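Before any comments, here is the structure.
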Amino acid sequence: MLHFLSMLVLLVQPLGDLGAEMKTLSQRSITNTCTLVLCSPTENGLPGRDGRDGREGPRGEKGDPGLPGPMGLSGLPGPRGPVGPKGENGSAGEPGPKGERGLVGPPGSPGISGPAGKEGPSGKQGNIGPQGKPGPKGEAGPKGEVGAPGMQGSAGAKGPAGPKGERGAPGEQGAPGNAGAAGPAGPAGPQGAPGSRGPPGLKGDRGAPGDRGIKGESGLPDSAALRQQMEALNGKLQRLEAAFSRYKKAALFPDGQSVGDKIFRAANSEEPFEDAKEMCRQAGGQLASPRSATENAAVQQLVTAHSKAAFLSMTDVGTEGKFTYPTGEALVYSNWAPGEPNNNGGAENCVEIFTNGQWNDKACGEQRLVICEF
């Protein structure tokens, strides 16, 4: 009966108080089942009806994790996530097969001109070109020095008779002439009596002049004509000696080419323009000055044989862009490379010849092969 009353008290207690009471009971240990109602020992009565379910108690403390359950089935794939950051480049793969040739793109704009490249190796020697037309006749050179007198020439042919000279002064009386030949005998006269020998008779008158004789051979020329001949021969001898000296000096150069009256010789050295010019002058010549395609081809053969460009004698030191020979004469022949002369850098006053025979203006301080002209 007491149990029943206890249960009844609990049921009629307000829900707020019951929750507070339940909370109090959960925080302290229950020492006596009869805290709310004074209990006394009685006999057990009939069981009461089931009471109504109480409110859910407060959440208890989190318990220890249980044992892992079996792995569930894979869920459906979630939606595609955003693109992640770019990863590091992977190692290079093997090259794929060559693709088909693409369409030709439009031509690009011209690039900036690069620096001038180094001079390429000399090309093979080309064939000698056809002989050019003869150039105009050059100006007469300065008169040479009077040569040494030559040897006595042979007697010349008999010249025509000169005009009759003036009558000379009478000469001194000559010695008496020899007795003339006896005349023919006259007819015999009667025999006379021999008389005494008489005195010598007077000298007879001078006879009439005889006919003019044949003209004799011409004698030696007078001293003035002889002197002129000696001076002319002396000049020829000096010119021959000078020519022989030039050929003798030219023979000191290792190789050369002959064109007409000119000889081109190459030295085994490379010099600046002024030193090269002086070297040729001391040898009795000058730097090569080709005045025709034939002469230019001869110089080209020497340049090709040495595989080096060479200086020519022409410069534009006097007037920029106007190249002349050492004598100041304007060029009668040229073989400039395309775009030359261009005075690159503002200091190209000399001329060099390439292995292809073309010309280029060059700084005179550069070193080039020495080729002299004799």
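Each Cβ is built from the backbone N, Cα and C atoms, and glycine gets one as well.
Considering Pro142, Pro170, Pro341, the record held by Swiss-Prot lists Pro170, annotated as hydroxyproline.
In Swiss-Prot, Cys280 is paired through a disulphide bond with Cys372, chosen from Cys39, Cys364, Cys372. According to Swiss-Prot, of the candidate residues Pro107, Pro176, Pro272, the site noted as hydroxyproline is Pro176. Here the Cα atom of Cys350 (disulfide bond) is found 64 Å from that of Lys86 (5-hydroxylysine). Here the domain 'C-type lectin' (259-374) returns a mean pLDDT of 94 for the predicted model.
The two recorded residues, Cys280 (disulfide bond) and Lys86 (5-hydroxylysine), have Cα atoms 75 Å apart. Helix, strand and coil residue tallies for the compositional bias 'Basic and acidic residues' (49-64), in that order: 0 helix, 0 strand, 16 coil [DSSP].
Across the disulfide-bonded residues listed here (Cys280, Cys350, Cys364), the residue whose Cβ sits among the most other Cβ atoms within 10 Å is Cys350.
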